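**Q** Please find one structure pasted underneath; my questions will follow.
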Amino acid sequence: MGNLYWVYLVLPFCFGLVLNSLSQENSDSDVYIVTLKQAPLSLSYQGFKNGSTSRLPNNFSIFRNDSRSHQRSSSYISRVHDSLLKKALKGEKYMKLYSYHYLINGFSVLITPQQADMLSRRQEVTNVVLDFPVRTATTYTPQFLGLPKGVWPRDGGYETAGEGIVIGFIDTGIDPTHSSFADDVSDHKYPIPDHFSGICEVTRDFPSGSCNRKLVGARHFAASAMTRGVFNSSQDYASPLDGDGHGTHTASVAAGNHGIPVMVAGNYFGNASGMAPRSHIAVYKALYKSFGGFAADVVAAIDQAAQDGVDIISLSITPNRRPPGIATFFNPIDMALLSAVKSGIFVVQAAGNIGPSPKSMSSFSPWIFTVGAASHDRVYSNSIVLGNNVTIPGVGLGPGTCSNEMYTLISAVHALSNETTLANDMYAGECQDPSNFDREFIQGNLLICSYSIRFVLGLSTVKQALQTAKNLSAAGVVFCMDPFILLQYYNSSLERDGFTKKIVRFGAVASISGGLEANYSVSAPKVMYYSARGPDPEDGFLDNADIMKPNLVAPGNSIWAAWSTLGMESVEFQGESFAMMSGTSMAAPHIAGLAALIKQKFPHFSPAAIASALSTTASLYDKNGSPIMAQRAYTNPDLNQSPATPFDMGNGFVNASSALDPAYEDYMSFLCGINGSIPIVFNHTGQNCQLYNSTVTAADLNLPSITIARLNRSQTVGRSLTNIAGNETYRVDWTAPFGVSMNVTPAHFFIAMGEKQVLNITFNAMTNDSTASFGRIGLVGNGGHNLNIPLSVIVKLY
C-alpha cells in the first residue's frame, strides 16, 4: 500500500469513500490526513456564542445535539472537501476516506506522495500528515477505591452512580449481549440523556436491538484499514461488534452494571461492577484484532463522539511510535482531542505499556488526562510444595491437587515420544502439541512446561498447554519462568542408569495449592513495571516538556471485567464472558468512570476542574501507610523496586472517596510559546497566536502539578485554586526538590466556598545538576481536606 494523507478543513465530520479511479493496488499511494485553515464546527459554534458568525454560510445553524443541522453542515463541508481535491489534483486518481468537520476541519485521503505535496501547497491547507498506526495499550477494584462505602452512598448508591453521563469509548467495539450492558437490571427509570444524539449502527452481526438505554450508541470506523488491505472481515467484523475482547473489557471497567457474577471455567470469582455503573455507554470502534488501528479512523471516531454529545472520551490506545514534528502535541489525534476538551469533554488516555524506562510515555498533551497502571490488593496466588518441604509461590486461577496429595513431577523434555526430539522441535517443552509426548510418562503426574517470550507474543498459549496436559491425563501443570529452585530439586531427584545415563526413575514429587480464592494481604498499590514513565517527551529528540506525565495511576493489573465471547486478544479466556487483563488500558477506564461520578455531582465542572479534583486528592501511600513503590525491571519486578516518583505515578494513586482550572486559552498560549509553532498552531486550530500570551510555558499552565525541565537560576510560577467545598483555612507546607530552594506565598490563607486563591511558587537553583529531583506542596485544611501538588525539576543551572 502507498501512503494515506490527512487533509484538514474547518468543517463537520462525514464519512464517505469518494473514489476517482484510484486503484488500491497502487504501491505509491498511502493515506494522509489533511487539515484546512477554516475552523471546524465546534470552534465555529464557539464563535457564534461569542457573537461572531463570519466563518460559515448564513444558513448554518449549529448545535451540538442537533442532528439535522449537522447533516446539512457536514454535507456542505464534504462538498467543499471534494471541490478542493478536484481543483488541487486536477483529474488525477485519489480516494477520499473521511471528511472531518466537528473537531477539526479536514479529511483523510488515499493519494501519492506527489499529490500530498500538491495539496500542501494549496493556500486553504494548513497541514498534510501521513497516517500512522495505533494500538491498544472489576470484581474488587470498586471496593479497593472506596466506592461502595464512600462515593456511591453519598449520591444514592450504585443504582444512580453516574446516571445521565455518557462515556464514549474509542476501542475495539463491544459485545452488546453481555449482562454488564443490559438496561433491565434495576426498577429505577433509566432514560437516555437528552444531550446525546448518537445512533446505533445495524449490521448482520450487530442487529437491530443491540443498543438499549445503557448502550446508547455504537458505530465502527475502518476506512483507512480497508484501503490498506489489512482488514479481515471474518474476525475484525465491519460493525461495532467486538471480535477482540479489549473494548468490552474497558467499557465494563468504567460503566458496567453492578453485581454481575463472574464465572470463568465453571468457577465463581465474585461480582463485577463498573466505576459508574449507571453511566451510559457509546462505542466508537476504530481498533481491530488483526492489525490494531490507524489515526485516520481514530480521528473520525473522536470527531463523531464529540458531535454525538458524549461527556467523557476514554482511549485505552496509544500510537505505535512517537509522532514526528516540532512537538508531539501537534499530532492529529491530540489536536482533535484539544477541540474536544474545549467543547467540555473530559479526555482520558492510557499512558502506554512500554515502561519502566524514562521518557517511555505514549500520551503527551496537557489537555489529556494520562493514566498509568498500578496493582491493587487482590491477587490469586497458588504455590507448589516440593517433596523436600520447600514451597515456591506462584500465580494461577486453577484448583489445587486433590487433598494436597503428592504427585510425581516430570519435565516435558523428559517425556517426549520416540519420534520427537528438541533438535527438530526446540519449543516442544512448551507443551503445545500432545503428539510430541509419551502418554505413559505423563499420565497421573505433574507436567513441567517451559514458559518463554512465545507466550507473550501469542505463539504459544497456556490454554493449549492445559489442553495438552488434559489429553495426556496429567494430574496438573507447572509453568516455569525462573525454574532454578524447582529444577534444582527435580534434577537432584532423578535416578539414572550408571552406564546409559538414561532416566530410570523420576523421584521428585510435589503438590499444588489452589488459586481460586483471592488473597488480600499484599501491599498495594505499587506502580507496575510495564506502566510508561515520564518525563513527558516534547519532541522526537526526547527533549523534556514542562509537563508532568502521567497525571496519576489507577488499578490496571489483573483486572476482572466483561469479555466478548468472540474475544481473541487473550486466548486463555476464549469463549468466556469475563477475563482478567492487565495494562494501562485497564487503568484508564477506571478514571473515566470516576470522572463520570464527578461530572454527575458537579455538572458545571470543566474538564480541567475534573482533572484537578482527581489529581490533587490522589494518595501517596499504600494501604499500609508506606510510600507507594514502583517496579523498576521486567525481571523479578518485586525485587527491583523503589519509592515511586512523580514521573512514575504523577500526583499519586487515585483516591475516589476524597474527591482547583486552566482554560482553552491557556493551552493555546502554551502551544504558541513553542519555538516555531505559530504557523502550525494556525494550521491546526485556525487561531492567531497574536491573540495569546506566547510567553506562557507549560510550567505556567494551571495544572495540579509543576514540572520545570530547565531551571535557569530562578523561576516563579502560579497556581490558582478554586474552593468547591465549604469555608476553610489552609496551611501550605512544602518539600523542595534536591538542589533547589523554594518559597510558596501565601503560606496560610482562608478561602470561602466558590472563591479562588493564587499561590506563587518560586524555585531557585542551588547547584548545577541534570538529574531530576522531586518535591511536593501540601495544602492542609482545618476542615479535613488535604491536597497535594507534586513537583519535579530536571536540569538545574546555578
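Using N, Cα and C of the backbone, Cβ positions are placed for all residues, glycine too.
In TrEMBL, annotation is done automatically, which means it is predicted and not curated.
Below, the features straight out of TrEMBL:
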type	residues	note
ACT_SITE	ASP171	active site, charge relay system
ACT_SITE	HIS246	active site, charge relay system
ACT_SITE	SER585	active site, charge relay system
DOMAIN	31-136	domain 'Inhibitor I9'
DOMAIN	162-632	domain 'Peptidase S8/S53'
DOMAIN	700-793	domain 'Subtilisin-like protease fibronectin type-III'
**Q** How big is the gap, in Å, between the Cα of SER585 (active site, charge relay system) and that of HIS246 (active site, charge relay system), rounded to a whole number?
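**A** Cα to Cα, SER585 (active site, charge relay system) and HIS246 (active site, charge relay system) are separated by 8 Å.
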**Q** Between ASP171 (active site, charge relay system) and HIS246 (active site, charge relay system), how many Å separate their Cα atoms?
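**A** With distance taken Cα to Cα, HIS246 (active site, charge relay system) is 7 Å from ASP171 (active site, charge relay system).
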**Q** Would you report the average pLDDT that the model assigns to the domain 'Peptidase S8/S53' (162-632)?
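**A** Across the residues of the domain 'Peptidase S8/S53' (162-632) the model's pLDDT averages 88 on the 0 to 100 scale.
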**Q** Quick one: DSSP breakdown of the domain 'Subtilisin-like protease fibronectin type-III' (700-793) into helix, strand and coil?
**A** 1 helix, 62 strand, 31 coil
